[in-house]
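Peer 1: Okay, so TrEMBL annotates it like this:
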- A:C338: active site, phosphocysteine intermediate (ACT_SITE)
- A:N275, A:I276, A:C338, A:S339, A:D340, A:G341, A:W342, A:D343, A:R344: substrate binding site (BINDING)
- A:519-546: coiled coil (COILED)
- A:609-621: compositional bias 'Polar residues' (COMPBIAS)
- A:126-502: domain 'Myotubularin phosphatase' (DOMAIN)
- A:609-651: region 'Disordered' (REGION)
Amino acid sequence: MEHIRLPKVENVKLVDRVSPRRSRVGTLYLTATHSIFVESEAGVRNETWVLHSLVCSVEKQAAAASGCSLLIHCKNFQVLHFVIPRERECHDVHLSLQRLSQPESYVELYCFSYKPNVGEVERRQEWDLLDLKADYSRMGVPNSLWKLSPINRHYKVSDTYPADLFVPESAAPPVIVGSSKFRSRGRFPTLSYYSKDNHAAICRSSQPLSGFSARCLEDEQMLEAILRSNPRSDFMYVVDTRPKLNAIANRAAGKGYENEDNYSNIKFQFIGIENIHVMRNSQQKMLEVCELRSPSMSDFLEGLESSGWLKHIKAVLDAGIFIAKAVAEEAVSVLVHCSDGWDRTAQVCSVACVLLDPYYRTLRGLMVLIERDWVSFGHKFSHRCNHLVGDPKEVSPIIDQFLECVWQLMEQFPCAFEFNERFLIAIHGHIYSCQYGNFIGNNQRERIELGVRERTHSLWSYLWMNRADFINPLYRPDHSQTQGLLRPSTAPYCFKFWRGLYNHFDRGMHPRQSVEDYLQAIQEETQQLHDQLASHKQKIGKLEQEQVWRVTQKTTTLDKSPTAWALGNDLTVANTPQDYTGDFISSSPCQPKAPESSLILLPHDLNQKSEANLSNGSDQESGIADLSCRSPLSEDSTRDPDSDEAAYSAA
Amino acid sequence: MNIKLIKYGVMEFAELIKTPRVDGVVLHRPFLPTVEGTLCLTGHHLILSSRQDNTEELWLLHSNIDSIEKRFVGSLGSIIVKCKDLRVIQLDIPGMEECLNISSSVEALSTLDSVSLMYPFFYRPMFEVIEDGWNSFLPEEVFKDLESMTDEWRLSEVNKDFSVCPSYPPLVAVPKDVDDDTLRKVASFRHSGRFPVLSYYHKKNGMVMMRAGQPLTGTNGRRCKEDEKLINATLRPGKRGYIIDTRTINVAQQAKARGGGFESEANYPQWRRIHKTIERANVLQEGLIKLVEACNDQSHSMDRWLSKLEASNWQTHVKEILTTACLAAQCIDREGASVLVHGTEGTDSTLQVTSLAQIILDPACRTIRGFQGLVEREWLQAGHPFQQRCAQSAFSNNKSRQEAPVFLLFLDCVWQILRQFPCSFEFSESFLVLLFEHAYASQFGTFLGNGAAGRAKLSLPEKTVSLWSWVNRPQELERLTNPLYEANSLVIWPSVAPQSLLLWEGVFLRWNRSSKCLDEAYEEMVHIIEYNKELQNKVNSLRRQLAQLETEDPLLQTP
């Protein structure tokens, strides 16, 4: 609170970037966690909420006659342009936001103050939703080839690795420890994914400290052990995901890559994925293109090309394909590393898993995958996502690239993924938002020290409760497209610009009707029809039975004893749970289905409320109802004559 | 008459076909297994049938062939056939002589100059014509609709014999108060006699869109009072209109030197002129060639692909055309002003703009039949020279003739709007692809000829079958119908931001990548919707049954 110099500014203008004529005037409030813009137009109460932790940069521009401009860039790619009447106020807001958006310690992060109305027992249960050991046993480990090693229980061997690690059965502790001493940050080769169909495994590590000629017997034994844990294979791949030049440069610093001569039966392979600095600059360039005001087609395509972004996405996907094919088609195990083994290695291993195993293409599977290959294996989320004020050179959109690879695959295989684009965007937003504890810190050890499980809520549980919003209507578990290895095309024209993420908040750019929402609505309706069908059938059965019974009554005995009638009536009442008949006939089939239990409903509602806070009212203002497809469309253009037309005449 | 034609034709073709039949030919096609079979050449088709089960594997119209290349490895020759629908196939033909013969025959047969030798004049429908498409969209009928909304327009017969404007149909809608003599004078002041005619009447506010050829002002600023009178007759008192010139001001200025020009403010004070930048035909053709080359680039380099895509300028053309159409629609619907659209001739960019503006404004144009009517009115009857424009496509080597993908760009723009409003069109993407294919090569006469007079000389309704006759049958309509369609009576404003405009994969990448997964997704979508309908029907019938049982009930109780 002490950082808020000015809690409230009136007559602030929120400028619409696409068509300035649509700009709105209102009041800007600064709270401990959010900036809130409330439109002051009579009759409507439009609110735009921006979480401080999502703010990436705040820029104050030179004062003009109309006021002083404040440009806010968010990590979820939202850009807000406020015009504040007085320079002084703008200055205060600027300083406050700058401080609020750059927390200096973890305790300042939103997840530690975010307290939805959820009981402590439920909160603790949230963290039990995903169980990595269950995923390993789903893969089929431990087994006679792979064992759970307690060696890193206390993070003594590698402080950035998780406590539970799977290693080859034959790898004795001295071999593991020896190997870890020969690897950057002690990140020795360990299991990431195991294919129980053919025993091929994906292992990961950091680079070996080989320099120009150093060797390590234990490390060589470790790789030998990995090779032997795939009994039917006589060699394994070692994939260095860096460009060869980078790897060679590392040798001068006593690091480097495996010498094929020293390791028995390895095939060594470079895959040129660029480093975090190249990726950061590339995304920055692409975002500049996305932000251009009314760019020409050439501006856009040239900018996209010179950013190199899609080239990098292709490189990551190509690497994932190489590994997935080695495992699925050649049944050969692969050891993947880069420098530290927490950026490119995480990308490539997880992309390979998505390609290989249909499980990771389900909602729960993708969450498990991110939890394993990214969170548990020490992708440095807090550094890469700039959660705290820190070294800007550590920031890099490595996880963005993974999510985008998944999206590119969804574009090619529309039936193969259980989740939709919204799911990826929601995950992306919350990786940066710090609302949930999942991505706080840089590794498991740090999260334990921070007491994340004890003090914060879990994103996975929130997503799981709201899974209805994230289901891809085209997904069918038994569809041929869903099965086995995905074989995507990597021709350049198959890679598209991800408008849904990078221009997420530029509502005007998106299709005005969504096929997916339409199908989702249809499927909900279908579900209700199923229920009605069952209930009608039951009711008809009853009535027919009753009639048959009455007819027999009429023909056999003319004496209608009151007891007989009573019996009949009793039967009818007993077999009909509730009298819905009238309701069903009069109600429209589109009426929402009642939730199964109020227990689920309660936290669901609460979570949704907080979600709205995070995703800041942009949805509310542009009217998501307009985008929903079942209603006739283009409402917003009818209501908002200026909406798109400015673009036509400006061009 | 027809029999004579056929005989003449057959003789003519027989001379060109040096080798009518070759065995052991191997066909390579993208994403399909290779087929070995017998290659046959007929007057209009290249046919390959595998000997195993005697089913035709390939049935290709010669007129669909854009270019043909020969390659020899030893005595095995190959011909690479590049089609106007952008498909590329390879035929391995044993024997050097056979290969040369086939190649030269196909080359000759695919570049026949005489329209009357084209396949539509020989084609006899194998289906029952329910409705003759040649009579489906007659101007008189269209005018009846207009009459029901307004009495300010009349149907003029001034062009009955095509003497006033050879590219206009015999009947055109003009302001009621303008007589035929005035029209004749105006025609002499407009490029190719294309005087301003009605293109679209916006029912909501009574505003209109007209189209014309450029005014022939020349360097000394010629004026034509009748022209001014004609277009002013469409304005409400005290109202201003907009003239949308599809050319840049520079291009329009330069046109003066060749006798053309634009409407000056001095002579047309009630009109505001806006210049846009839709490129001319030859630039568009170059764009198509470059784009298709980019799509077929095998280098797998992202930089190369993006820079070639950009250099083709295809997406730029799409953006410019859509933007101009949106502007026209905006003037009419939002500004409440009438609009006159022209470029130079008024047969290319003008039609792109007027037809797209109608898609945006008029829900009727978004139905299957309405879209046919639009193509008929704004393209065929409005005199777009299809034969010239679609003579060659992206693989052709003959440069800078009359060819240009003007109509393809229009279809691309419609596809962009369809992508943004996927539930607002009665037709699916496949209808647009079908029109693209038939505009370039067809068994139907619909897209033959150039302009109304030229088409009239060909007696197309008497001698050929209309594409619409084929399309408007239940089984075809079903295939072309968009399962997501729900009538949307509103104006639909598409986004023209570069991020919103996509490459039309259904045409440009159709033969470059397997569409299996996307097709499956489409089927799944259809399945979801059909299943819902099926259940809906079941529930309804049960509901009726239930209601019946319940009304019968009391009867039973009263003996």
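Positions of Cβ are set from backbone N, Cα and C atoms, glycine also.
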Peer 1: Please report the Cα separation of A:R344 (substrate binding site) and the residue listed as 'active site, phosphocysteine intermediate' in Å, rounded to an integer.
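Peer 2: If we compare the Cα positions of A:R344 (substrate binding site) and the residue listed as 'active site, phosphocysteine intermediate', the gap is 6 Å.
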Peer 1: If the substrate site is taken as the center of the Cβ atoms of A:N275, A:I276, A:C338, A:S339, A:D340, A:G341, A:W342, A:D343, A:R344, which further residues of that chain fall within 8 Å of it by their Cβ?
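Peer 2: Once A:N275, A:I276, A:C338, A:S339, A:D340, A:G341, A:W342, A:D343, A:R344 are set aside, the remaining close residues are A:S206, A:T241, A:R242, A:T345.
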Peer 1: Can you name the residues of this chain that are 6 or more positions from A:D340 (substrate binding site) yet have a C-beta less than 8 Å from its C-beta?
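Peer 2: For A:D340 (substrate binding site), the qualifying residues are A:T160, A:S184, A:R185, A:R187, A:S206, A:Q207.
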Peer 1: Quick check for the class: what is the C-alpha distance, in angstrom and rounded, between the residue listed as 'active site, phosphocysteine intermediate' and A:N275 (substrate binding site)?
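Peer 2: About 9 Å separates the two Cα atoms.
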Peer 1: Let me check the 10 A CB neighbour count of A:W342 (substrate binding site). How many other CB atoms are there?
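Peer 2: Taking all protein chains shown, A:W342 (substrate binding site) has 28 Cβ neighbours within 10 Å.
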Peer 1: Once near-sequence residues are set aside, which residues in the chain of A:N275 (substrate binding site), 6 or more away, have Cβ atoms under 8 Å from its Cβ?
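Peer 2: Counting only residues 6 or more apart in sequence, the Cβ neighbours of A:N275 (substrate binding site) under 8 Å are A:R242, A:N246, A:S339.
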Peer 1: By the DSSP assignment reduced to helix, strand and coil, which category contains A:W342 (substrate binding site)?
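Peer 2: For A:W342 (substrate binding site) - judged by DSSP and reduced to three states - the answer is coil.
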Peer 1: What three-state secondary structure does DSSP assign to A:N275 (substrate binding site)?
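Peer 2: Looking at the DSSP assignment, A:N275 (substrate binding site) belongs to neither helix nor strand, so coil.
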Peer 1: Assuming the binding residues for substrate are exactly those in the record, A:N275, A:I276, A:C338, A:S339, A:D340, A:G341, A:W342, A:D343, A:R344, what is the maximum CA-CA distance in angstrom, rounded?
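Peer 2: Value for the max Cα separation, rounded to a whole number: 12 Å.
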Peer 1: Any idea what the model's mean pLDDT is for the domain 'Myotubularin phosphatase' (A:126-502)?
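Peer 2: Per the prediction, mean pLDDT sits at 96 for the domain 'Myotubularin phosphatase' (A:126-502).
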